[in-house]
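Notes for the one structure printed next.
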Amino acid sequence: MISRLLPSLFGLLIVTLLAACTGNPANVHTWGGLGDGSGQFNEPFDVAVDQQGDVYVTDVRNKRVQKFTADGDFILAFGQALFEKPAGIATGQDGTIWVTDYDLDRILHFDGNGQLIAVWGEAGEEPGLFASPVDVAVNSSGLVYVVDQYHHRIQQFTPEGLFIRNWGRKGKVNVVSSALNFLRPDDHEDEFYYPSRIAIGSDDRVYVSDSYNNRVQVFTSEGDFLQSIGGMGLWGSRFRISSGLVIAADNSIFVADFYNNRIQHFDQKGHFISAWGGADHLNGPTGVALTPDGSVVVADWGNHRIQQFSPRCALVHL
């Protein structure tokens, strides 16, 4: 996972156009730091928030999930004996937790206290099998969606792990066409190039970070293509590896922009609203979630920490 989703930064020039929010956006909380103790991280990859506001983080190299209060106070850790490489995480409306194990090609289902409910999935090419499941999401009906990264597809299951459908195939967007915005919105629809993240809107639309095509694709709950957002670039609305994403109650979209070291915010139609971050604030953000009050929680992967921001940010050019 890390070798594909997060290739070496060596030799890359990180040009930052966006480095702050206007009106003092307020970093509400920051917690973590490199280590293996309670409340420390070694590559925090994804973050999820339950309806009570508690925060769950996949702590990849420490092979665990950690749970915190909304203020960042440590509650518990779980899964140490079960995970090889925990990656994506999602909370269901019933308060249960879903986690993908990228290396063991399976999905783990826990209650809110970290007690294991079920495990399903295995490696393979057939529908319902995985090659590095990197993220998971749950819709309002409890159906489970998994990003099957090395098969370049999305798979849909019942909560018990029974296969329903999949969609997607491998396809790489031309970098020059993407950067110069020569692509039509439906070009290469239903094609992915190492997709990495998934989120569900309040209307059950499915949003996928098509990471190495530097975009977000939007689908119906059954996988019918609706639109594409983004493309390769440095300026607002463009990505250099789209990563974690979350959909707000108004169906606006927050996306972690990995190599641009920022979070981008789009309205429900995919129109750019704002961006914030920059190399002085974020180092390869990989996960993003929203608290019940609308604060934005970010897995700051390269800094081994979690940051929480107020939701009101605007574009600032340096």
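From the backbone N, Cα and C atoms, a Cβ is placed for every residue, glycine too.
Predicted automatically and left uncurated, TrEMBL annotations should be read as such.
Annotated features, as they stand in TrEMBL:
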SIGNAL    1-19  signal peptide
REPEAT    32-71  repeat 'NHL'
REPEAT    72-113  repeat 'NHL'
REPEAT    121-160  repeat 'NHL'
REPEAT    191-222  repeat 'NHL'
REPEAT    243-269  repeat 'NHL'
REPEAT    270-312  repeat 'NHL'
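The repeat 'NHL' (32-71) shares the most Cβ pairs under 8 Å with 270-312, out of the stretches 121-160, 243-269, 270-312. Beyond the ends of the repeat 'NHL' (243-269), by six or more residues, the same chain brings 5-6, 12, 14, 16-18, 46-47, 196-203, 205, 207, 209, 211, 216, 229-230, 234, 236-237, 275-279, 281-290, 294, 296, 298-299, 309, 313 to within a C-beta distance below 8 angstroms of the stretch.
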